[in-house]
Amino acid sequence: MSNQKSQSKSTLWDWLTTVDHKKVGILYLLGGAFFFVIAGIQAMLMRIQLMFPEASFLPYQSFNEMFTMHGTNMIFLAAMPLLFGFMNYIIPLQIGARDVAFPFLNALGFWFFLLGGIFVNLSFFLGDGPPDAGWTSYVPLASDQYAGSGLDFFVLGLQISGLGTLIGGINFLVTVINMRAPGMSMMRMPLFTWTSFVASMLILFAFPALTVGYLLLMLERLFGANFFIPDMGGNVVIWQHLFWIFGHPEVYILILPSFGIFSEVIATFAKKRLFGYTAMVFATLVIGFLGFMVWAHHMFTVGMGPIANAVFAVATMAIAVPTGIKIFNWLFTLWGGRIKINTANLFALAFIPSFVMGGVTGVMLAVSAANYQMHDTYFVVAHFHYVIVGGVVLALFSAAFYWWPRMFGYKLNEPLGKWFFWLFLIGFHLTFFFQHFLGLMGMPRRVASYLEGQGFSDMNFISSIGAFMMAIGFIFFLVNVFVSIRSGNPGADPWDGRTLEWTIPSPTPEYNFAQTPLTRDLDPLWYEKMHGDGRMKASEPLGDIHMPNATILPFLMAVGLFVSAFGFVYHNHWVAAGGIAFTFACMFVRSIKEDHGYHIHKEEILSDKEVE
Amino acid sequence: MRGVWRLLSFLAIMLFLAGCGQENLSALDPQGPVADMQFDLLMLSLLVMVFVVLVVVVIFIYVLIKYRERQGDTHIPKQVEGNHRLEIIWTTIPILLLLIIAVPNVVLTFDLADTEPEEDQDVLEVTVTGHQFWWEFEYPEYDIEAGQDLYIPTDTRVVFQLEASDVIHSFWVPALAGKQDTVPGITNEMWLEAEDEGIYQGRCTEFCGESHWLMDFNVIAVDPDTFEAWADSMANPPQELTEPQSEVAAEGRAIYEESCLSCHATAGEGGNPQGGPDLTNFGERSNIAGFLEFNEDNLEEWIRDPQKLKPGNSMPGFDHFDDDEMEALVEYMMGLKVQD
């Protein structure tokens with residue numbers, strides 16, 4: 001095709017057709033934030049219902065739908081896409097690349113995620129109401145005998161969005177392996193890129209298990225197959241294995257990139273090289289590997305027998321070792337540093353004790369014989385919220401404050417940020433700390449209410465107060481985003497950074513690096529600051545830069561599957577087949593239409609440089 | 001400082017809670033050998049873990065106080081690559097700490113899975129079936145069946161065969177033993193013992209549908225002689241149950257035969273596999289529907305509209321009974337007692 005730089009017809013069209021990893025990253029953040037807010041409101045509704053015993057704020061059925069969709073939205077449609085947003089934006093910058101390996105697939109993955117996620121949530125307005133079998137959707141409760149069309153929306157929507165995640169994961173793997181700038185060897189990669197790389201490997205191996213599970217459930221629900229029906233020779237426990245073979249690595253898919261974020265933020269604001277970088281990388285790999293060996297610890301009470309229980313118990317405890325290595329390496333990165341306390345770093349620092357508390361309850365849960373008392377109680381609810389909020393969510397907020405100037409060209413306001421931090425952190429501990437005890441005192445999880453006079457009332461009340469604090473804190477964040485816009489551009493390197501994403505102008509040019517940088521050590525920018533002139537050496541002469549063309553095809557392909565999913569839910573096979581055919585037609589167009597992209601000329605880059 | 005306060009509050013609450021919660025419900029107040037063993041293991045792991053949290057928090061606070069950026073400080077910290085000795089230390093010590101927990105855990109996991117009684121120990125077998133949203137207890141040695149209230153003799157090893165008729169449930173009596181799932185198509189086993197007489201609360205802990213949170217039951221531990229007498233009269237219920245003496249109750253019996261008996265087996269009559277709980281000893285239940293206070297008003301409310309109290313259960317409402325009919329029916333049902 002020609003050299004024309006895609007003249008944006010309108011802003012909307014520009015974002016619908018973009019294949020730029022930075023814009024796709026921001027789209028992921030917007031999409032993830034949208035579902036985060038929905039899931040947060042669902043959490044608040046649940047905490048209002050549980051504030052007082054025997055409350056009737058929500059009917060039991062609605063409560064069950066709320067916790068199902070809270071978990072589904074938070075895990076699949078908020079936490080992962082938000083991390084994907086940062087991964088998309090930051091990984092290419094950290095390895096000195098101009099884009100991800102497959103820009104087209106990148107956009108495709110995003111649209112699959114977004115439309116799949118919207119499809120699941122449309123069940124609030126369509127059919128028999130939203131899914132109500134928990135985010136784990138154990139059969140037989142999730143089979144068509146016991147659950148309405150909400151579960152159809154669930155399996156179809158999550159298959160579409162899961163496809164998007166798998167595409168994204170493969171894309172990151174190839175990007176990290178192939179697109180690193182000269183000198184950026186694997187063992188010089190920033191920890192965030194490393195952990196995202198390992199998380200992408202986990203996606204590659206874990207998501208197929210989930211897809212198989214959803215596919216079997218879909219065949220059973222829509223086409224009368226009998227994989228999970230005992231009377232027909234099926235087995236209900238197979239579902240749990242398939243789900244958790246995905247589900248446990250999923251926890252690490254979320255937490256590993258979060259570990260990466262903390263490694264960046266802590267090293268930057270302690271002004272120190274990450275302590276034990278090699279040990280950190282290997283600990284990440286070991287966690288990723290062991291993450292696949294422990295899924296059955298979610299199933300200690302299902303009746304697997306003492307041999308399986310004992311083996312999975314010991315394997316699970318083993319994960320504490322590499323995780324402990326990481327915690328101590330962070331502490332010793334801080335040791336001897338000059339620790340700057342700002343909002344980004346506060347979130348990272350608060351993570352250490354919070355996450356350790358979640359980690360140790362994880363080891364307690366791994367004690368299989370004692371797990372019989374803790375399993376499926378509020379102790380578990382407390383544990384995984386300590387891990388996911390105390391780990392992943394704190395990482396997301398830390399990353400937001402840290403990378404915001406890079407992504408949006410302005411810093412978030414510090415006083416507002418600190419209000420947000422303290423409200424959120426204190427609220428978080430108030431909400432979840434007491435739930436440990438509720439569980440041990442006999443309160444099962446996923447209960448729509450609890451009876452008066454069983455000793456649960458006070459702690460549940462405190463827990464709900466904490467939830468309100470978290471919600472108010474988050475409002476401070478939203479306000480901050482808008483208030484801070486006028487604060488002005490803090491320049492390319494606002495934090496005295498260490499890695500390549502801080503070496504390029506702000507706002508980030510479309511092509512990222514005018515000249516691909518030469519990496520001479522771990523923390524390449526810091527190395528140049530200490531040993532060079534503070535600027536990256538170029539590894540190539542200035543020249544024309546080849547860019548991919550924008551295209552609407554990824555969006556259309558996702559629309560095809562989205563429409564097809566309606567056909568499946570409403571048993572209209574023409575619509576179902578038509579949607580899939582449309583997607584295949586788009587793939588066909590993509591395959592035969594030549595699209596060589598365009599070039600940004602040297603002169604244009606030079607004029608950009610002068611402006612800078 | 002935050003960390004210190006958190007830790008202090010944690011310890012304070014731990015002390016406060018040891019032996020806290022409702023006595024017949026909390027896993028923190030074990031009332032039998034199985035719950036005892038699990039509690040001890042829990043406390044062992046908690047102790048080790050509190051130690052770990054302490055170590056981390058102490059280093060954390062020290063580092064924050066000592067190395068926090070002071071005003072006007074612009075020095076560049078020494079860029080340290082790492083330290084092999086430290087890495088080995090914080091790899092080895094956690095492994096040792098984990099062994100302290102892992103070894104007793106493996107032993108106990110096998111002990112708990114072994115339902116064989118010790119020598120000279122009395123054994124009772126009970127088949128538990130989870131239904132949406134109630135529990136069925138069968139005593140194969142006695143050929144009797146009961147719903148919601150599980151009678152067991154004290155100081156006897158009670159071995160359960162756990163089954164489910166519809167979806168997965170989980171059988172949990174926190175004060176006596178940890179839970180085990182009831183899974184359709186699979187029979188699980190577990191055992192427990194109660195040391196003292198008493199009523200222990202049970203819960204369903206696997207989410208099982210709309211009224212999951214109301215799927216409560218009671219374990220009633222009585223001395224072995226009382227239990228034998230109870231089982232005997234359950235197997236041979238008093239004639240009064242089927243032929244009540246008072247006129248009102250007899251009228252109630254007629255309504256019961258017409259409207260209730262097809263689903264609820266009573267004194268060896270009626271019932272069907274898809275039906276509701278056996279009501280032979282209904283008059284001695286600890287609760288209505290497993291969670292409401294046991295009284296006539298609640299029974300009437302339940303019969304009139306069970307879907308309002310426990311939505312999603314399979315019992316239809318009987319709101320068409322007039323007050324007299326209802327009174328008779330309630331009177332009859334309240335008299336369904338096998339003990340004196």
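Heads up, the Cβ atoms here are built off N, Cα and C, so glycines get one too.
What TrEMBL says about a protein is an automatic prediction, not a curated fact.
Residues or ranges marked as domain 'Cytochrome oxidase subunit I profile' by TrEMBL: A:7-520.
The transmembrane segment annotation in TrEMBL covers A:26-50 (among others). Distant neighbours of the transmembrane segment (A:26-50): 15, 18, 57-58, 63, 66-67, 69-70, 73-74, 77-82, 84-86, 88-89, 110, 113-114, 117, 121, 407, 431, 448-450, 460, 463-464, 467-468, 471, 474; these residues of the same chain sit at least 6 beyond its ends, with a Cβ under 8 Å from one of its Cβ atoms.
Long-range contacts of the transmembrane segment (A:70-91) within the same chain, counting only residues at least 6 positions beyond its ends with a Cβ under 8 Å from a Cβ of the stretch, are 21-22, 24-29, 31-33, 35-36, 38-39, 42-43, 46, 97, 100, 106, 109, 113, 117, 120-121, 131, 134-136, 154, 158, 161-162, 165, 168, 172, 175-176, 192-193, 196, 199, 250, 253-254, 257-258, 261, 388, 392-393, 396, 399, 403, 406-407, 501. TrEMBL lists A:70-91 (among others) with the feature transmembrane segment.
According to TrEMBL, the transmembrane segment annotation covers A:103-126 (among others).
Long-range contacts of the transmembrane segment (A:153-179) within the same chain: residues 72, 76-77, 80, 84, 87-88, 91-92, 95, 97, 99-102, 105-106, 108-123, 126-127, 130-131, 137, 142, 189, 193, 196-197, 199-201, 203-204, 207-208, 210-211, 214-215, 217-218, 221, 558, 561-562, 565, 568-569, each at least 6 residues beyond the stretch ends and with a Cβ under 8 Å from a Cβ of the stretch. The transmembrane segment annotation in TrEMBL covers A:153-179 (among others).
Summarising the annotation, TrEMBL assigns transmembrane segment to A:191-217 (among others).
Summarising the annotation, TrEMBL assigns transmembrane segment to A:237-262 (among others). Taking Cβ pairs closer than 8 Å, the transmembrane segment (A:237-262) reaches residues 75, 79-80, 83, 86-87, 136-139, 190-196, 198-199, 202-203, 205-207, 209-210, 212-213, 216-217, 227-228, 284, 287-288, 291-292, 294-299, 302, 326, 330, 348, 351, 384, 387-388, 391-392, 394-396, 398-399, 402 in its own chain, all 6 or more past its ends.
Feature annotation from TrEMBL assigns transmembrane segment to A:274-295 (among others).
Among the features that TrEMBL reports, transmembrane segment is placed at A:307-332 (among others).
Under the heading transmembrane segment, TrEMBL lists A:384-404 (among others).
Per TrEMBL, the feature transmembrane segment maps to A:416-441 (among others). Counting only same-chain residues 6+ beyond the ends of the transmembrane segment (A:416-441), those with a CB under 8 A from a CB of the stretch are 47, 342-343, 346-347, 350, 354, 361, 373-374, 377-383, 385-386, 389-390, 397, 401, 455-456, 459-460, 462-474, 476-477, 479-480, 483-484.
Under the heading transmembrane segment, TrEMBL lists A:461-483 (among others).
Under the heading transmembrane segment, TrEMBL lists A:574-592 (among others). Below 8 angstroms of C-beta separation, residues 104, 551, 553, 556-557, 559-568 of the same chain, each at least six residues beyond the ends of the transmembrane segment (A:574-592), sit close to that stretch.
Mean model confidence of the domain 'Cytochrome oxidase subunit I profile' (A:7-520) amounts to 96 (pLDDT, 0 to 100 scale).
Among residues of the same chain six or more beyond the transmembrane segment (A:274-295), those with a C-beta under 8 A of the stretch's C-beta atoms are 187, 191, 194-195, 198-199, 201-202, 205-206, 241, 244-245, 247-249, 251-252, 256, 259, 263, 266-267, 312, 315-316, 318-319, 321-323, 325-326, 329-330, 332-333, 335, 522.
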